Structures are given as C-alpha cells and as structure tokens.
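**Student:** Pulled from Swiss-Prot, these are the listed features:
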{"type": "BINDING", "residues": "Val13, Ser14, Gly15, Gly16, Pro17, Asp18, Ser19, Thr20, Cys21, Tyr22, Thr23", "note": "ATP binding site"}
{"type": "BINDING", "residues": "Cys214, Cys222, Cys225, Cys228", "note": "Zn(2+) binding site"}
Amino acid sequence: MIVEKPCRVVAVVSGGPDSTCYTALWLKRGCDVHALSFLYGQKAVVEVERAQLLLRRLDGIAAERGWGRVVEHRVVDLSSLGELWRGTQLTDPSVSVEQSYTPTVVVPIRNVVMAAVATAYAYTVGRNAGAKTYVILGSHYDDIKPREDTWEPLYPDCSPECVEAMQTAFRICHFRGERGVEIWTPSREGLRKSQLLKMCHQEVGDLIYDTWSCYKSGEAHCGSCESCKNRHAAFIEAGLPDCTAYLTPPGPGFEKRGQFYLHISCKKQ
C-alpha cells in the first residue's frame, strides 16, 4: 500500500502482538499515532495494562529511530457492553474459555464497534490537521481461515471485505468533504500472524514477548486457550524463539523454569 504523508493514525491497540506489531509498522511508516484501547467487559482486562506499557516503550523506540510518535493513549470504557455480549467466551462469566476454536469465542462484530469509535475519533483528530488520517486494527489473515462446517471466516469481522465495507459506510455517514479516512488491517494487506511477528521482532526485538494474547487474566499466559496456542504456533512458524511464560505448555518442546513453562527455543534466563 502507499501511505500518504504527512499522516496520522488512530490505532486500536489491545496489548496483543497483532495490534502492537501493526502499530509499530505504522510508526515506522512515519505516522503519528493516537492509540485507543477498549474495556468491553473482557475477561482478559490485563491486556489494557499491557497496552499502556507497550505504547510507552514503542514511543521510546520511535523517538530513537526518527519514526512517527505515539501522541496519546486513551482507554475507552465500554465495559457495560459486556452485559450485552452474552454467550461468548471472552465476556460471559458463565461461558468457559475453550481450548480450541468454537464460534462462541467470537464477540459479535466487536471490531465493527471499535472501528466505529476509532473512525469517529479519527474524523475529530483529522480535522484541520493537514495530514492524511488512517484507522488501524490488528486483525490478520489467519483470522479469516474458513470454518470447517460453513466455510465462513473464523472471525467474520476481520475479513478485508468487512474492513472495506466499514470504510465505505463510515464515509457515507459523514460529510463529503471529510471522507478521506481509510481503515487498514494486516488482513487487508494480506499479512499473517507469523509475518507480523517476524517483521515486528526485526524492528522492536524482545518487546513482542511482553504482549498479551491469553483470553484470561493471570500472572502468565494460561497456555491452554486457543489464543495462547495460536501465539506459540505463530512464533514457531516465524522461526522465532517463543520466550512467553505459560502456566501450561501450549505445545511440545517446553520445559519448566521456576513456576512457568518456556519453550526450549528460548535462551533467555
């Protein structure tokens, strides 16, 4: 893609590797970042705390390298939505977090809700800014693998088609002269999770190990949920050591070090 300069980005940053790495990519592209993290009643509320830490560190790296800067980080409290999003593993206390993918892991059109808020803010920060404004989310190409039963995307609101439809709708819903906001995701750029991790590690190094993927909040990644397993698989596929601390091994090749399990590829002490 061609990024118009000067540029600013409203980034939805969860604290996970996908949104963190994609934000780093846009900082490297020279765009200033207005970061938004969302409280939406999720069980893994620790991810927002990680986002705050990671964005501070990313801004330090960006300053050293002459990239764009993290202008601000706002936490948007939509926690009351957790009462509406019932029956999903991520928000409903009565629904257990599964060890493999089932449709109940999907929070219905969560990305659409967040993208709508982010785009509304983008129209605000972009007004009279004299810069091209983008909205970015971390959904990647692996999120849209087909389900085995219906062949629909695993996570429908992560698809490029959904992203492009949102962009069109949000433009139609605003004034003609201010319709320049674009919405981008790794999936729209054709990037897989492992590709994001590899690119990110080349730029920010071990910072990627401080991201949070687990669907639960705990002292370390649980290692048993689908997201933990996807995280580990992506590190291995990217040819990177997985230095994530897990409570249980998400795959083969792990050894216990102290309280946690680390993969044998990790040489960190």
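Including glycine, each Cβ sits where the backbone N, Cα and C put it.
As the structure is a computational prediction, the values presented were derived from the model and not from experiment.
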**Student:** Determine, from DSSP, whether Gly15 (ATP binding site) sits in helix, strand or coil.
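**Tutor:** In three-state terms, Gly15 (ATP binding site) counts as coil.
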**Student:** Within 8 Å of the Cβ centre of Val13, Ser14, Gly15, Gly16, Pro17, Asp18, Ser19, Thr20, Cys21, Tyr22, Thr23, which other residues of the chain have their Cβ, at the recorded ATP site?
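**Tutor:** Residues close to the ATP site, other than Val13, Ser14, Gly15, Gly16, Pro17, Asp18, Ser19, Thr20, Cys21, Tyr22, Thr23: Ala51, Leu54, Gly138, Thr211.
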**Student:** Would you mind listing, in sequence order, the residues at least six apart from Thr23 (ATP binding site) in the same chain with a Cβ closer than 8 Å to its Cβ?
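**Tutor:** Result: Val9, Ala11, Val13, Val33, Ala35, Leu55, Leu58, Ile136, Gly138.
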**Student:** What number of additional C-beta atoms lies within 10 angstroms of the C-beta atom of Cys228 (Zn(2+) binding site)?
**Tutor:** 26
**Student:** Only counting partners 6 or more residues apart, tell me which same-chain residues put their Cβ under 8 Å from the Cβ of Cys222 (Zn(2+) binding site).
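**Tutor:** Val97, Cys214, Tyr215, Lys216, Cys228, Tyr246, Leu247, Thr248 - these are the non-local Cβ neighbours of Cys222 (Zn(2+) binding site), listed in sequence order.
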**Student:** Near the Zn(2+) site, what residues other than Cys214, Cys222, Cys225, Cys228 in the same chain have a C-beta no further than 8 Å from the centroid of the listed C-beta atoms?
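**Tutor:** Other same-chain residues with Cβ inside the cutoff are Val97, Ser213, Tyr215, Lys216, His221, Gly223, Ser224, Glu226, Ser227, Lys229, Tyr246, Pro250.
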**Student:** Rounded to the nearest angstrom, how far is the Cα of Cys225 (Zn(2+) binding site) from the Cα of Cys21 (ATP binding site)?
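**Tutor:** It is 21 Å, counting Cα to Cα.
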